Every structure is written in C-alpha cells, then in structure tokens.
Amino acid sequence: MKLFRNAKSSASGFALAALLSVSVGFLEATPAVAKPPAKAQPAVLTASAIAVADEYSADAAEQIFKEGGNAVDAAVAIAFTLAVTYPEAGNIGGGGFMTLYVDGKPYFLDYRERAPLAATKNMYLDDKGEVIKGMSLYGYRAVGVPGTVDGMWQAQRRFGKLNWKQVLAPAIHYARDGFQVSEQLQQRRDDAAKEFAGKTNFDTYFGNLKQGVNFKQPDLAAVLQRISDQGAKDFYSGKTAGLIAESMRGHGLITRADLQQYKAVWRQPIQADWKGYRVYTAPPPSSGGIGLVQLLKMKADRAADFKDVPLNSPQYIHLIAEIEKRVFADRAQYLGDPDFYKVPVAQLTDDAYIAKRASEVNPETPSDTKSVQPGLGTSMPEKAETTHFSVVDKWGNAVSNTYTVNGYFGSGVVADRTGIVLNDEMDDFSAKPGVANMFGVVGSDANSIEPKKRPLSSMSPTILTKDGKVSLVIGTPGGSRIFTSIFQVINNIYDFDMPLPQAVGAMRFHHQLLPPNTIFWEPYQPIDGELAKQVEAKGYTLKAQNFNGDIQAIKINGNTPEAAADPRGRGVTRIIQ
Ligand code: DON
C-alpha cells in the first residue's frame, strides 16, 4: 500500500518509506530520542480511527499505526504534518490543547502560547487609550511565544510508543518533497494575503501556494529535520530559536529568553458527569470546557422546556440562546490564565450554581441582555483559523487535539529562513476591558496582558467516556463558536439520536450575549425563509457568518469506532485495522 501520499507519484512514496526505515533504525542509537520497546497490549477495539483536517495528515496517521504507534504517536505525526500541508492552521508557530485518555486515565496538556516577557497590559492602546485596530492581529507584535513543539515533544515522550524520528518523518517528507495544494487552501491563502498585504513577509513564502501546485517548503523541512534530530530543544534554545529571535529583532517582542523559558503544562482536565457519561474537557486558560459543561448541564436542568421542541426550531434556537447568554456573561468576567488569575472553576461548574443560572432562563422571550450579569457577582478577584483532530487507537486510548495560529496563517509573519508561520494569538487577550476581539468576545482584567501569561482560549478538545471506556472524541475550530458547536453536536447525538455524520453535518447557530439578541448563522445551513421570520419574531436579529466550525469526531459503538469529518471542511476520516 502507498505509505505517504506524494503529489507527483506514489512510487516515490514507497521509496521514501524505505529510506525512512533506515533513518529510524539509525536513530534508535540516539539516547535523547530513543524509546524502550513497548509491552504488547491486547486490542480492545476492532480498529483504530482518525478524523483529521486533510488527506496528508490521514496518511501520516495511517503510517504511524502501521508501524505500531498508538493514538499519541499518531496525534503528534498529524500535528507536525498539518503544520506543512494545512499551513493556514496546522502549525509549529502557534499553540493548543490536547485532552488525552490513556490506559483508562484522563490527562490534559496545555501548550498554549504565552505573552512575551516584554509584553505590557496596554501594548495595543494608543495615547488616548483606544485599541489600535489590527495591531494584535497582523505583524510581529501580534505574536505569542509558540508552544506546539514543546507540547508535541512532551506528549510523545510521555505516552508515545514509537521513536520521535518516526513521528516527524511524514511532515519532513511533505515539506521537502511537496504536497498538492487544494482549492480551499488557495482560497484561504488569497483571502489572508489581502489582509497581510504590505504588512508582513507572507507572500515571500506563500505567494506560490496555488491550487494544483506541488508546494515544497525547504526551510521548514530543515527546521523539522533539526527538531527530529534534536527534539524540542532546537526550537526553544537551538538554531531555530536563534532564527525566530533574529526575525523578531527590531520588529516584535519575542527573544531567545522567551523561547528558552517556554514550557507546556500538564493540567487537570475539567471533569463532569452528564447523562451517564464522564466529560473530560479543557480547563483554563480555555473558557471552552467550563462553557461546555455549563451548556450541557443547563440544558439538562431545563429538560422540561425542551420536551417535544424540534431540533433547530425557533423555540429551540431561543432556549439555547438563553443558556448561551449566561455562559458568555461568566466567560467575560471570570476567565483567564489560572497561573495569573484565580479562576473560580469549582464554583462555575458546581451543579447548584448551574441550576440557579438555568432557573433564570426565560422560556418565552429573550432576557434583556443588560440584565444577564456574571453569576458569581463582580467582586471576585479579578478571522480565523484553528484545526482539530480526533484519534482513537485499538487499545482504547484517545487524543482530542485542537491547535491554532488564531487567524488564517496567524499574524502573516513567517520567521525568516524557517518557513514557520507565526501566530496572532495575542488578539485573544482583552486589549482593553469591554472591547471585543476578532471573535466579538469581551474580557476583563482576568484576561489582560501580562508577561508570560496565556491568552484566554475557547478551544475545547473533549472526550466522553462511559464506564471508563471512550465513547466520543470531539472538537472543532471556530473561536468563540467552538464550545457552542461541540455542545450542539453532542445534543444531536445524545438527545436527538442522530447518526454521527448527520449530527456533525446538521445546522448550527451561535449566540454569545453580545451583540444583544443576535443569532449567527452560516451559509452552509442557513437560517432563512420561514424559520428566519419566526426567529426574528421572537426578538432576535439574524446575522450571517462565514464559518461555524469544522468538527472532527469519533464515536465508539460497542467496540467499533465510527468517525465523521465535518462536511464544512476538507477533513478526512479513516478506520485503520
Ligand atoms: O484560542 C482560541 O479560542 C482562538 N484563538 C481559536 C481560533 C479559532 O478557532 C479560529 N478558527 N476558526
């Protein structure tokens, strides 16, 4: 079988695979990256499964499973491959979150970007105290210290079965030998290039990203080769660190010291019981896990109101919007980086608190936006692109991973002589209390800028288990739409018994407190015609948005995995025996 997809011929895929097995053997002698042989484990599922953003990363994962890798090995190979073949969001110049379930235990890895040491609270304000438009979105000063390489390194060292070199090999291949550019990728490039024009060096690296072209990235291949040879230390203190710091000098804030001090962090995932399932999802600095648990539980608390209400009917849309209003009021007030700000996680996910919030839902008409305040009081201590993939191995382990450069192609800055697209994650901070960011969400001091702080995220890689076994692995990009999208798909599956592909493909909508009583809909499944009239008659304004997520999900039925990629994207699923 063809091991790696090659834009020109599959024969070279075979040749490459042969070369790889040589280099892998060579590397086993390198102590820093070698792994002891893994113990044989009995399979508990009929197959492994993936739902990923493109065909190249699917091939990479398949290859890793064939070599005996587990879900974590496959996830790391997918992440590095997408950094090459899905450069609008896959990355090594950004950051993300990984929720894992390994040998029956949950884990969460936070490899979110951090603000540079020289960052300051008001760095995006002019002398009148107003936010300077675009400054946190485009160019060198928008960039946070990237976390992806350390995240992948830590995850693979802790849980992977294969050698580090093996999981890097597919990405190096696609960077060095090229991949075929899809129509969607070119479209996204063209859109992003308009935004970056005159502000960044984007076109020097991505000017040739045209549909049908075999796109090679030699600088990025060299970086990946060094990471493969030396591990994460190349990126944080080696040659690559030097090249990133040099690119930034005189333009941005990131220095060698920033990179040297970066560390991904293992945290406790948010855990909640819901309808017989255990939900494991993202803790702060994500808002998404808390948001998802509040959404699921408030809906369960209001089950009587939802009885016989058809999916995506005007009344359903109204009830969900009422719940979302309360979640977003809390998000704006209380959520930020837990290393800098005491986030009241236990209170916000407490059943009695959520029930009280649910009791404030008005089943008839939209609650007045101003009346919906953060539920714990205010005296408490104070464009877009991301991608998600889900992986399950036949041993019953799961990885749910969402990572991002924020906007399409991040800040538009490509670190010179590396081909690394750098993120614009600084926009996820609250540049000024009450002023909305790219996703229209506001924040408080909890999410103000401070050196080494992580900006608040909505990314919510999630795993549901039942009786200790993985049941669902799910996540999506979409900024503040992330956890409302996951919530809707979970409802579709468990409350409306929809088969997985339909649950993922069904209409989604979004409300986030501000703008007041506004329901966002998407062209893929519009709210229009009679439905639109009835939603408007309830007091809502309808607003179109381009994008409401790109869900990648795996569901386990008995001991057989089923995978679904959102028809909104160019995602791919595989069941791998
Ligand atoms: O961390 C966050 O919530 C955002 N930076 C994610 C960006 C995103 O999902 C863009 N995708 N469309």
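The backbone N, Cα and C atoms fix where each Cβ goes, glycine too.
The active site, nucleophile annotation in TrEMBL covers T386. Within the same chain, the residues at least 6 positions away from T386 (active site, nucleophile) whose Cβ sits under 8 Å from its Cβ are A89, G96, T402, Y403, T404, V405, N406, M459, P477, G478, G479, I482, listed in sequence order.
As annotated by TrEMBL, L-glutamate binding site applies to R112, T404, V405, N406, D428, S457, S458, G479. A coil conformation is recorded for R112 (L-glutamate binding site) in the three-state DSSP classification, outside any helix or strand. For R112 (L-glutamate binding site), the number of other Cβ atoms no farther than 10 Å from its own Cβ, over all displayed protein chains, is 32.
Residues 302, 305, 318-319, 321-322, 325-326, 329, 513-514, 516-517, 538-540 of the same chain lie 6+ residues outside the compositional bias 'Polar residues' (362-372) yet bring a C-beta within less than 8 angstroms of a C-beta in it. What TrEMBL records for 362-372 is compositional bias 'Polar residues'.
Each residue of the region 'Disordered' (358-377) gets a DSSP state, and the totals for helix, strand and coil are 5 helix, 0 strand, 15 coil. The annotation region 'Disordered' is assigned in TrEMBL to 358-377.
For 1-34, the entry in TrEMBL reads signal peptide.
Other Cβ atoms within 10 Å of the Cβ of D428 (L-glutamate binding site), summed over all protein chains shown, number 29. DSSP assigns S458 (L-glutamate binding site) to coil in the three-state reduction, placing it in neither a helix nor a strand. In sequence order, G94, G95, T386, E425, P455, M459 are the residues of the same chain, not among R112, T404, V405, N406, D428, S457, S458, G479, whose CB sits within 8 A of the CB centroid for the L-glutamate site. Under 8 Å, Cβ to Cβ, and six or more positions away along its own chain, S457 (L-glutamate binding site) finds F97, R112, A282, P285, S286, S287, G288, T404, D428. DSSP classifies G479 (L-glutamate binding site) as helix under the three-state reduction. Annotation note: D428 (L-glutamate binding site) sits in a helical segment as assigned by DSSP.
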